[in-house]
Amino acid sequence: MAGTMKDPTYADAIERLNSTQSGFSVLEARRKAGKKLDASAKQQMREWVSRVGYQATDFDALNVVHVAGTKGKGTTCAFVNGMLSSCQKSFGKPKKIGLYTSPHLVSVRERIRINSQPVSEELFTKYFFEVWEALESEAIRKGEDPAVKPVYFRTLTLLSFHIFMREQVDVAVYEVGVGGELDSTNILVHPAVTGITTLGIDHVESLGDTIDKIAWHKAGIFKNGSPAFSVHQLVEAEQVLLERAKEKDVQLQWVDVIPAVRKANLTPAEDFQFKNASLAVRLTLEILKRFNIRFDEKPEGSSDSEYCSTTQTWLPDASEIFLQLPNELLYGLEGVVWRARCEEKIVGSHHYYLDGAHTVDSLEVASDWFGKKASTRQAPKILVFNQQSHRDAANLMKTIFSTLRDNWKVKFDHVIFCTNMTYTGNKWKLDFVNNNADPEALNTLSLQRSLCDEWLALDPAANALVSPTIEDAVNVMRGIGGEIDHVDIFVTGSFHLVGGILSILEGQEYGLQSTTSLASG
């Protein structure tokens, strides 16, 4: 039992956390049985919370910004965090900003940040075992099996609540894990504000296979008394969001791209990113009301109706929008460092384009981004792809092929299909361990071989190959190019894949940097 362990280490914590992964056999059985998300998930999560010593209403103190969506929800959270960090620099408040996102790239600690920095190994370990031991003690007290724990994401969500409460954060920005209605983050009773990013088809096994079913789940985060915002959606999705808002007695506000946001230096400078940033601005302004923050000057061209004297901040009214963002918001947006999302990296002659996209919609966006960049040059092009957890990886791969062929006339000279195993010799970093993938498929490379065959059927001229590990794939790429001064490399399909590539290129701890250039030390 954890309580008997003397001086537990971070590795001990991660080993126990990894033990809560459902495992491939369990997940496969659920898929075959056609099981959706458990309708009792929220009640189960409330019970776990209670066993650690909290009630869901305790988390009202965290002033939570709760964000759901299919595309851009993590980026939107990062933008909110960035703008709050910028206000912290100027006004000294909010003093502590929590950020909970997923997945991680190199360390589990990236998922739980305070003032943009991942919590330290010491704090993570301390608080993890406080949660772990509380769960076991309560189980024993109730005459239950102490080995039964919440599954991986629920454990991390529980840990995040505990850390943010113990560390007394003033604001906590929460990215939903899957869906919304039944997500473990959705035990929140009175979030400060909720937001919905662009919706698309994702997690079909859990949420359903139509946009209206998915919208129903996402809108589950709406709470009576909490302001709610959404970017514009497909007509059928908007209708469901409005119906759910009415059901919950919530006034849903639609967010258009703010003209002033288009002036911000964002990466990439694409419409989808301006939508994410505009939603983030509206969410941030709601939070700032709670901290009585006053910007130095009114935005140029704004009307008196935009000044709210009770909160000492400027807000757009129903018919007007900022023509000029306050510097705190502008710098906060521009200072965000959110890796593996439309990220460019140059290593010698190799120009890497990295994005963890893993749905059809997000891969279309990422492929268009790469195509726009790569179509302007005559240079060798390499694709590195994997999606070990998705049952329709071939369809995802074909999305990349067709998007680049049809929209940009781009084809790859070399295509590498690898596993998410990081190092040669079947070595994982503990934080990368994934027990939910099919172990037999990993050992035989059956998925990679199948994808390779399917790619060659699409493009027989490509040099397509299989690589057992990410390190092997990087070594193959290093041998391509020779005297050529430019090689374009597109890495996508999985955050674990992108994280592994970056960890090899930059060293294992690269991902532990701040999410904003403005972060407190």
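Cβ from N, Cα, C; glycine included.
Positions annotated as Mg(2+) binding site by TrEMBL: SER102, GLU175, HIS203. The feature ATP binding site is assigned by TrEMBL to ARG341, ASP355.
DSSP assigns ARG341 (ATP binding site) to coil, not to a helix or a strand. ASP355 (ATP binding site) sits 14 Å from SER102 (Mg(2+) binding site), counting Cα to Cα.
Here the CA atom of ARG341 (ATP binding site) lies 15 Å from the CA atom of GLU175 (Mg(2+) binding site). For the pair formed by SER102 (Mg(2+) binding site) and ARG341 (ATP binding site), distance between Cα atoms is given as 13 Å, rounded to the nearest Å. Look at SER102 (Mg(2+) binding site): DSSP puts it in coil. Following the DSSP three-state reduction, the secondary structure of GLU175 (Mg(2+) binding site) is strand. Applying an 8 A CB threshold to same-chain residues 6+ apart, the list for ARG341 (ATP binding site) reads GLY74, THR75, ASP355, GLY356. Every protein chain shown contributes to the tally, and the Cβ of SER102 (Mg(2+) binding site) ends up with 19 other Cβ atoms within 10 Å.
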